[in-house]
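According to TrEMBL, the protein carries these features:
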- B:142: active site, proton acceptor (ACT_SITE)
- B:135, B:208, B:210, B:242: Ca(2+) binding site (BINDING)
- B:137, B:151, B:249, B:253, B:358: substrate binding site (BINDING)
- B:242, B:262, B:266: Mg(2+) binding site (BINDING)
- B:25-127: domain 'Fumarylacetoacetase N-terminal' (DOMAIN)
- B:134-402: domain 'Fumarylacetoacetase-like C-terminal' (DOMAIN)
């Protein structure tokens, strides 16, 4: 069934630059603080943020069953909880309101005054209260690179990797929106061949280029989500930088997995781009050999062609694109991840988030972390200002970007940008 | 500074059995559903649940700064967020109201009718919305047992274990209150010497005897909690059964840690016993060698003498106490766990929960899991009905209990009881 909001020929009466991430075919969802210090749920077209709370109060959604305060909230959780049929109806209706030939809002200056905000007047917030956050490890190239570096290039993938989407539980409380600076984390690391750990700032802070999807309430405790239904429970996607302290991780992670090496911060882009908006960019899923167990089998186009790139901006504002990758490189699809996650009956709630794992492509210029790009620091990455990087340095800003593009439309994610500040000073 | 509610000579006008877990010196906090289907925050004395929402509406807390609806909520998060000074004032005031010589409520039948409920009239709920849940691995005996079984008895502890409280992020959405039955989880396991995994119900479902503490808002992103302040941010403790599927875990957990082997369910006791109530039961913390890094150093009594035991009840209602352990056996204290958790700046919120890890004592009858009690199934545990168990079987109920006791008072936790139902049937 076609989704009207995806019609590539549709134009809007709002100005939208040619290369904008946010044409009328996107219509992402987010939460923002207005110039009057009011928090509201909104969407974005071009460089305008649109207050959905105000639109709803003015009656623009009267034909859709919605509670009065559904958009007057500081998270999208309740709206996401309303389910796919409601998200789709709202997105289609927004598309209709802003369609170029529709005068109902276009010609109503009073309404426009309370509905439209220039992007530079507002402050984006975390779009959801993330109940549980899971991170997968689903790029074969990334897992192979890491396995080659730390174990054995001949047996880089562990035995379970090709049979299930390896994943682990992460920390929700430190997921932050783009623009929030972070501090270099402090902790225990073990110097080479030392017997005892030392204390201090991590020396190997890294980004991880990921995407993450946000779910709706999907099941009750004890019941799995079948793989062929899984996508119905995915609201949308964001860019995700899973900040990592490689030296802290190395010392702490055996046998229970990464902990403080990850939980100091993870950055998401603030606009959730719906799975509906990404429909035109479905591509074949990778062929999987050996064949997965039946509960993970799903034919068809369940991967998405999303171009990804990372800029590293130094303190003097010189930017270098250090990698270009693509979400379609993932070996395990989101549907498989969600089916696997729930095969044990694990309950999935509205606002849960699942990261893809670092998305590395097949070539060295498409790797998704400094660890891989500099190959453990052996091949420093050259920056445009003449300096070089093995890992991320103090006062560097890391910017993730992502977009889909075909001959008629470009759907983008904006950015997930984070500045790494120096560590707090400790008296120890 | 003495806490009046802890006065061991204090008696209450409510009937309390001699061996009750809930004398007037306990005053735990929980959330319950009343006979009128109203959810409220309450406490318990003897076999009475006390509606704090009703008490507050009747003016009994008028001298304490509290918002009107602080107890008329379905979780304790906001109350916990009010901080230690408020919890202490409320607990002391409850103790005063129910003190034997205090007539204000005792002689007011109308008030008693809306405030007091027999325990069998109410239904206990999950006491907090758990934002993030972390599980530690802080019993030296347990880590040694597991390391001996799966690695090398001569080097059972991994190199990091004595230097930091090893921990990992867990799944919050499947933490359930005592009384909620669960299903045997289904998933991938690898048969011995097989090359490919198989699909089906876990054959090695186990309990883990743990305790967990609940925190208040403690810090801002990027700032650690010093170890000597950490206890101020701990509201209280519950019993915690960290259900585990050993065969699923074995196949999935390398390299990122346990995932679906844990996330099918974890059970807590519904009454949070405050750290204040446990004050009389502080004991010396274990001596730690090698000396931890300075950020983990804390002298004094930061362990707690809490007797723990686990009953396994078969489907014919025959009960066997399969282990007796004690919370004081933990090598790493709660203060050290919280200081370590935040050394990287990880933000701690009200309602976060941190599990101790399986609490095994020094002798084989004090081990905290069937894995250890049956030593990987080699020494089946004999039950009182003549059957034996290597792991938990379908329709078994596992009951955790815990209490502190000295010559004048007994403070208990009630129980965390869970029945394991058979796996869902799958067509695969």
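Yeah, the Cβs are placed from backbone N, Cα and C, and that goes for glycine too.
In sequence order, the recorded positions near chain A (CB to CB under 8 A) are B:137, out of B:137, B:142, B:151. Comment: substrate site residues B:137, B:151, B:249, B:253, B:358; largest CA to CA distance 18 Å, whole number. Cα to Cα, residue B:249 (substrate binding site) and residue B:262 (Mg(2+) binding site) are separated by 8 Å. For the recorded positions B:142, B:242, B:262, B:266, a Cα-Cα cutoff of 10 angstroms around residue B:358 (substrate binding site) retains B:142, B:242.
The record gives B:242, B:262, B:266 for Mg(2+). Within 8 Å of the mean position of their Cβ atoms, the other Cβ atoms in that chain belong to B:135, B:170, B:171, B:208, B:240, B:241, B:243, B:244, B:263, B:265, B:355.
It is 21 Å from the Cα atom of residue B:151 (substrate binding site) to that of residue B:262 (Mg(2+) binding site). Note: the Cα of residue B:266 (Mg(2+) binding site) and the Cα of residue B:242 (Ca(2+) binding site) are spaced 5 Å from each other. Looking only at Cα atoms, residue B:262 (Mg(2+) binding site) sits nearest to B:242 among the binding-site residues B:137, B:242, B:253. Candidate binding-site residues: B:249, B:266, B:358. Fewest other C-beta atoms within 10 angstroms, B:249.
Cβ atoms within 8 Å of the centroid of the Cβ atoms of B:135, B:208, B:210, B:242 (the Ca(2+) site) belong to the same-chain residues B:209, B:212, B:240, B:241, B:244, B:262, B:266, B:355, B:356, B:357, B:358, site residues excluded. Residues within less than 8 Å, Cβ to Cβ, of residue B:142 (active site, proton acceptor) and separated from it by at least 6 positions along the same chain comprise B:357, B:358, B:359, B:360, B:367, B:368, B:369, B:372. Rounded to a whole number, the C-alpha distance linking residue B:135 (Ca(2+) binding site) with residue B:253 (substrate binding site) is 15 angstrom.
Ranking the binding-site residues B:151, B:262 by the number of CB atoms within 10 A of their own CB puts B:262 at the top. Averaged across the domain 'Fumarylacetoacetase-like C-terminal' (B:134-402), pLDDT in this predicted model comes to 97.
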